[in-house]
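Notes follow the structure.
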Amino acid sequence: MAVVLGPNRYGKAETRVVRVTREGETHHVKDCNVSVSLSGEMEAVHLTGDNSAVLPTDTQKNTVYAFAKKHGIGEIEEFALLLARHFVDSQPAIRHARVAIEEYAWRRIPGGPPHSFVRDGSEVRTCLVHCDADGTSTVVSGVRDLVVLNSTGSEFHGFARDEYTTLAETTDRVLATAVTASWRHRGATADHGASYAAVRHHLLAAFAQTHSLSLQQTLYAMGARVLAERPEVCEVRLALPNKHHFLVDLTPFGMDNDNEVYYAADRPYGLIEGHVLDDEAPPAAYAWD
Ligand SMILES: O=c1[nH]c(=O)c2[nH]c(=O)[nH]c2[nH]1
């Protein structure tokens, strides 16, 4: 038996790039997950460890970010073609490039400023009820994975420091989170459909309209807005993961990055949790989770 190298490919999978384009106050967001696979003359690297034909996967990732800055991200097919053509045309050993892109769709938050977005289709509506033999019932309504983003209007500075603090202060960052919220009804709510729609609206509006100095401040504003606007609700509990968007350093490629190209990290993430409640409401009789 002779052992031979069969089909193979390699590349950087799932480069999460967010490209913000600013037209004055109006921002446009392209949020993509880009996976590159290259193949060609790769016998040597597998058989002898000779890396001379191998364009590092790290370079492939950098190319995604640099091209996002240089060309913007229009239709994903065009961006994918641009990248794939670049790899085969610039590297003699690369004979084939495969580029797959997933795009996450964002819609503007109705009534919000033109830099506030909600992601299409990811949210889940929830409820939890308890009924007692004495006839009482409690209803908690909620939403999970309501993903929102402000491409400006968020700052974070003045925080405590110690010898392990390296975080830079910022007066302009992307603020994004996947809202998990649940809210306790004060009594019997007449129309749960209308109540849900209204609470969801106020959560979104408060996220969009709060100029944020921290996600904690935004959390409180969201809960307080629901309580102010919806008398049927007496307590709101929120869990807001801080979906960090890090500015990509493009200076090695001679490019600046004026809040245009971000790396959307998935973990670790800050997790900001809190309850906002009417202090005269009866205490919750049951655990919520
Ligand atoms: O809004 C924020 N709150 C924090 O507590 C925190 N911590 C951090 O590193 N970044 C942020 N952002």
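Each position is counted from 1, following the chain as shown.
Each Cβ is built from the backbone N, Cα and C atoms, and glycine gets one as well.
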From R85, R173, R267, grab the residue that TrEMBL records in the same urate site as T57, D58, F156, Q216, N242.
R173
Please go through the recorded positions T57, D58, F156 one by one and keep those whose C-beta falls under 6 A from any atom of ligand 1; give the result in sequence order.
F156
Measuring CA to CA, name the entry from the active-site residues K12, T57, H244 that ends up nearest R173 (urate binding site).
H244
Taking K12 (active site, charge relay system) as the reference, which of T57, D58, Q216 (the recorded positions) have a CA within 10 A of its CA?
T57, D58
Could you state the whole-number distance in Å separating the C-alpha atoms of H244 (active site, charge relay system) and F156 (urate binding site)?
12
